[in-house]
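In what follows, a structure is listed as structure tokens, so that the remarks can point back to it.
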Amino acid sequence: MVFEENSDEVRVITLDHPNKHNPFSRTLETSVKDALARANADDSVRAVVVYGGAERSFSAGGDFNEVKQLSRSEDIEEWIDRVIDLYQAVLNVNKPTIAAVDGYAIGMGFQFALMFDQRLMASTANFVMPELKHGIGCSVGAAILGFTHGFSTMQEIIYQCQSLDAPRCVDYRLVNQVVESSALLDAAITQAHVMASYPASAFINTKRAVNKPFIHLLEQTRDASKAVHKAAFQARDAQGHFKNVLGKKY
């Protein structure tokens, strides 16, 4: 469910879920983790760009076709483990990583983007963390935003559940650069080339030190987030939202 190609020393990983909004299904998660591992192990690759594809979303979050089925405790626990493992897979890449965000980055897609060293955003894209208004727990998102952007910003984003356009994302410092959609991938690759030119040893060891507490934070939130999501899914408050999104496919 991904395409992999190189632009000189930059590996471009393009998400290719059949749905243009790239919801994170189990298969897409595995494909992304495997692609990141290949890029990390390839000495010819000096930086990595992850992109949702032209006229597609970066990721609209969890795949509701799968998430709607979560009810048993063990299934919810396994799903949270998958989510945390995906995020840690990005943080463990020892090369520069760039997220090129177009369309929507919703929920899990928003959180996934925050794992990257740099984020570039199309001027028409939107970040959204809407979980709470739909009856879905947001403890993982809260932990991530609290770490990356501070407690007050985290509170605003997860409690207001609003769509954040490019100017608001810049205000919150969620992104490093905003460009036109047609220029997004080229701009991300250009930034990746800049960072790929840094001496490898200094970058690798600095990044490892920088990301270590972030990885530890995600590990710490596993059990607490399993409890939060069990309570939320077992209340079944989210089922109406899943039905509205999926329609006849529900």
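Cβ from N, Cα, C; glycine included.
What Swiss-Prot records for A60, G61, G62, D63, F64 is malonyl-CoA binding site. Feature annotation from Swiss-Prot assigns site 'Important for catalytic activity' to E131.
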Quiz item: If one measures from the C-alpha of F64 (malonyl-CoA binding site) to the C-alpha of E131 (site 'Important for catalytic activity'), what distance in angstrom results, rounded to a whole number?
Solution: 13
Self-check item: Tertiary neighbours of G62 (malonyl-CoA binding site) (same chain, Cβ under 8 Å, six or more apart)
Solution: P23, F24, V83, G107, M108
Quiz prompt | Residue among recorded positions D63, E131 with least C-beta crowding, 10 angstrom cut-off | solution = D63
Quiz item: If you take the centroid of the Cβ atoms of A60, G61, G62, D63, F64, the listed malonyl-CoA site, which other residues of that chain have their Cβ within 8 Å of it?
Solution: P23, F24, S59, V67, I106, G107, M108, G109
Quiz item: Any idea what the Cα distance is from A60 (malonyl-CoA binding site) over to E131 (site 'Important for catalytic activity'), rounded to a whole Å?
Solution: 12
Quiz item: Three-state secondary structure of F64 (malonyl-CoA binding site) from DSSP?
Solution: helix
Quiz item: Should E131 (site 'Important for catalytic activity') be counted as helix, strand, or coil on the basis of DSSP?
Solution: helix
Quiz item: Taking the Cβ of G61 (malonyl-CoA binding site) as reference, which residues of that chain separated by at least 6 in sequence fall under 8 Å from it?
Solution: P23, F24, I106, G107, M108, G109, F110
Exercise. Count the other Cβ atoms sitting within 10 Å of the Cβ of A60 (malonyl-CoA binding site), across every protein chain shown.
Key: 26
